[in-house]
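Per Swiss-Prot, these features apply:
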- His190: active site, tele-phosphohistidine intermediate (ACT_SITE)
- Cys498: active site, proton donor (ACT_SITE)
- Arg297, Arg333, Asn450, Asp451, Arg461: phosphoenolpyruvate binding site (BINDING)
- Glu427, Asp451: Mg(2+) binding site (BINDING)
Amino acid sequence: MKKLSGIGVSDGMALAKAFLVKTPEFAVNKYLKHQLTKAQAKRLLDSAFKKAVKDLEEIKEITVNNINTEAGMIFDAHIQMLNDPTITEQLEQQLAQNVHPVIAVDTVFSQTATMFSQMQDKYFQERAADILDLRQRLLAYLTGQKPHDLVKIKSDVIIVAHDLTPSQTATLNKKYVKGFLTEIGGRTSHAAIMARSLEIPAVVGIKGITTKVKDGQIVGVDGRKGIAGLDLNSKDTTEWKKQKALEEKYQQELKQYTNKETVTLDGHAVVVAANIGNVKDMELACQYNTNGVGLFRTEFLYMNSQEWPDEETQYQAYKAVLEQAHGDLVIIRTLDIGGDKKLNYYEFPHEDNPFLGYRALRLTLDKQDIFKTQLRALLRAADHGQLGIMFPMVATLDELLQAKQLLNQVHQELGGNKQFKLGIMIEIPAAVLAANTLSHHVDFFSIGTNDLIQYSFAADRMNKNVSYLYQPLNPALLKLIYLTIEGGKVNDIWTGMCGEMAGEPLAIPLLLGLGLKEFSMSASSMFKARMIIAKLNYTECQTLAQKALTLANAKEVEKLVEKFFKKKDIFI
């Protein structure tokens, strides 16, 4: 048997014939010479939009009936994207220049998708797939084709594709579709979320899978290990089925860990919370019984707007999430824009290295009117739940004190009677080294490992040439985390983590042993994290973590934790 590795995004195992999905081609360039009147172009584009909206409403209904309401809301977001003022304005500008609607849609949606795909944050990267899904649907109608949905499959198959759009995934019939394998994608893509909701095993990011599999060939999917099995003989098939039975038993065990409360075997309690980017994400997180929100990224409120969002718009969004949390802490990060996250209505200054430049708190401290508007909306929303306000990208005490001064000023303007917690992101090495001092001025720390790793190892994780340096288990990084937690303890404040590392199974016992109090992650990772923590002894994890700090490299740490898990019969 040949095994191909990718990213497991939906647990489970399956074995069936491959159903190869070809990516539609629209020959966009041939429309460069097509001439339409402006009225004809407008009618053609409007018709395509109406058909697309009708499709999405029908797909939403199918999704709600076959999966759940939360999954269906993904298509509300798609309809909102079609109505996004920024996109419609760009399309109108193209038509005004006598550009054919096919070229206009291809240009605007491709550019928007590229903008998202180039962002550092995986959550934002994977929204590019939603934009391309809409592009594909609109181009199909504009060129007289039918969107390629997969509702007609009537035999047991495993889908093999370059990528699956969210709308394709939503219409899969789990009676027949036993799993899927794709060349691109990630854990927080909407297609991955759909797969988990349908409980269909899936592996994405398998390079060249569509060229290595023939239509009708027997293939295997192992969604937990992130493996595709090809060229299976009878012995391989028997073993795969045996492992599948064990996997099904494991999945049933996972479903026992739905309670919010997460406690180790020796009674040490921690919080497992969700990372979200909008109100709809919170609805999905509630399905996983989240214990509050460890990170609410507010960037989408700004990126989905044609101008700086006003106070009322922001207030309504923050209020909605706080109310859904039913008294659990909701940590809302103030605007973290800049670097790779741009706004259509604001021109950032040119910088040779924007990731080390004018972004996040540095920008909002400079644009105080914008900052105060957000702070007012946040403080007003505090009446509707337990609010945590978090400043991103804090490098120095001076920055923190300046931000606090503005917050206190706005608070006094609103009467000074709002209840909230204040925290900062620890994602710059200088902040780690100043943790003892910074902890005097806040209620909590939240470690942003995605940026902390990049800045500590001087390596852009999106750069394939240096991606090997993205090492969450490196002892040097573990020491930075430990310094942060200990720095917080000096002034009796707790430390959480909202980077991807918080949901990484091999990291969990180490983070627990180092003293992390809150683990914030994508909603789909929470059951597994709770299960792992519930099988651990806090005292043993402390010993394990201290041992890890003495090791030489990430590989040694990985082996240490794997041995620890094996001894305790913990399977991940």
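The backbone N, Cα and C atoms fix where each Cβ goes, glycine too.
Annotated features, which come from Swiss-Prot, shown on the structure.
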residue	record	CB count, 10 Å
Arg297	phosphoenolpyruvate binding site	21
Arg333	phosphoenolpyruvate binding site	25
Glu427	Mg(2+) binding site	26
Asn450	phosphoenolpyruvate binding site	18
Asp451	phosphoenolpyruvate binding site	23
Cys498	active site, proton donor	29
Would you kindly give the Cα-Cα distance separating Arg333 (phosphoenolpyruvate binding site) and Cys498 (active site, proton donor), rounded to the nearest Å?
11
Tell me the coarse DSSP state (helix, strand, coil) of Asp451 (phosphoenolpyruvate binding site).
helix
To the nearest Å, how far is the Cα of Asp451 (phosphoenolpyruvate binding site) from the Cα of Glu427 (Mg(2+) binding site)?
6
Quick one: pull the CA-CA distance for Arg333 (phosphoenolpyruvate binding site) versus Glu427 (Mg(2+) binding site), whole Å only.
13
Determine, to the nearest whole angstrom, how far the Cα atom of Arg297 (phosphoenolpyruvate binding site) is from the Cα atom of Glu427 (Mg(2+) binding site).
15
What does the structure give for the C-alpha distance between Glu427 (Mg(2+) binding site) and Asn450 (phosphoenolpyruvate binding site)? Integer Å is fine.
8
Hey, does DSSP put Cys498 (active site, proton donor) in a helix, a strand, or just coil?
coil
